[in-house]
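Asks: Here it is, the structure in full.
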């Protein structure tokens, strides 16, 4: 039996089909991929074979670039290879670059990672796709997908994929991101000015001026205060300088409204005219306050009754508190004694005593100074006898001779001579009084110098330092203690009786109660103060301020 002859094309087709169906074919989707650091990427790879799938072995190999396609792209050698139609990044032997096995899988088994990729998150999925999680710096290179199928010896068993890792771009992005962050902070800093930024820092958006001007910062703080005081001002009426405890008063907000505390405490409350429609925003509140301050007439004179009460300037006592302190001057007359006609001084001495001396009120501050400064008091005691002797020598020239002769004889100084000086002003006053009555009033406020004996008595008795009365006027007065009277000679008593003033028949002068006790104090305390004032103020010829 003879087989029919087949035409030549059919014979060629039948010969080619078994060979084409039994060959191996590998394909890739992208031949070049770009990725950044720490990103994930999938390299696609597929194949066709006539062998069994469980016998197919898929292997991914890594080969580094011969020349870097990023950094060496603009070099002369790289451009010359491109002009010749070559690939300078991959056209080199394997001994000139690094070659590593990434992963390998047989059939449907689990992939096995290479030695250099054991700690990496790399796997093979689907038929031959390579998955790389967290791309590193050294993953930059060429990846080869190789398929090994038993029985298929023909065809193209591998394909290459270029993986370009933009590590340099990542570094640039990090630097640019930091610069953008700083720029953003600077812009926000300028936009928030002057509320939240620090002064004297120049921003990039406004380098010609300061970031925080002081005027804008003060305006912002003032607006904050006005917003905080706005709701309270809408509810309560405003009082001009009368409500000190209220926060709605305009006194602490404007320095021109500051007055004396004593004056403000007694001013009547005058409610100011308040508009009914208030603007809801903070700028309106500020404008309202400025308008009220402009309408306030500070130059308007006070009423006549207030002028009469507050015409005098503010004293030291009244400035310490809001209460008006009333001061009272109590003038005590001096102690007057007559002097015999044989002891009277000349007309020059008479004119010297008639010279008016400006009076200085003996106020509470001098008493406190004597109490708190004993050194000053001791200096006054040490200086007392010497200054008294000099004044006695000036007033009575004959006394210096008697004093010198008495010292040569060894006899002590008589108290009658020592007391003669204290009688001079009183006798002159007694002689001058009929023709010149005002002399008594002028002499009442003249301060007296303390005598040595009185200074010694006050040095021995420290209690008198707490008194508000001035020191004693002369050497030995009529109110000496009983011990001093016993030690005095009999002639002194007779002389004292002759030198008494006709105005005071008694030995002791009348006592003066010169204490104005503040109401509301304790009665026991008032009694003690009165007794001490009666004891000490009767010894004084000065003015006492209570």
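Placed from the backbone N, Cα and C atoms, the Cβ positions cover glycine too.
The shown structure was predicted, so the numbers you read here are calculated from the model rather than taken from an experiment.
Residues or ranges marked as signal peptide in Swiss-Prot (evidence: sequence analysis): 1-23. Residues or ranges marked as topological domain 'Extracellular' in Swiss-Prot (evidence: sequence analysis): 24-167. Taken from Swiss-Prot, the feature domain 'Ig-like V-type' applies to 24-162. Among the features that Swiss-Prot reports, disulfide bond is placed at 45-145. Per Swiss-Prot, transmembrane segment is recorded for 168-188. Feature annotation from Swiss-Prot assigns topological domain 'Cytoplasmic' to 189-546; the stated evidence is sequence analysis. According to Swiss-Prot, the feature compositional bias 'Basic and acidic residues' maps to 442-457, 527-539. The feature compositional bias 'Basic residues' is assigned by Swiss-Prot to 458-467. The phosphoserine annotation in Swiss-Prot covers 499, 501, and the record cites similarity to another entry as its basis.
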Asks: Using all protein chains in view, find how many other C-beta atoms are within 10 Å of the C-beta of residue 145 (disulfide bond).
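Replies: Result for residue 145 (disulfide bond): 25 neighbouring Cβ atoms inside 10 Å.
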Asks: So for residue 45 (disulfide bond), how many other CB atoms are inside 10 Å of its CB?
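Replies: Result for residue 45 (disulfide bond): 25 other Cβ atoms within 10 Å.
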Asks: Over the topological domain 'Cytoplasmic' (189-546), what does the predicted model average in pLDDT?
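Replies: Value for the topological domain 'Cytoplasmic' (189-546), mean pLDDT as a whole number: 52.
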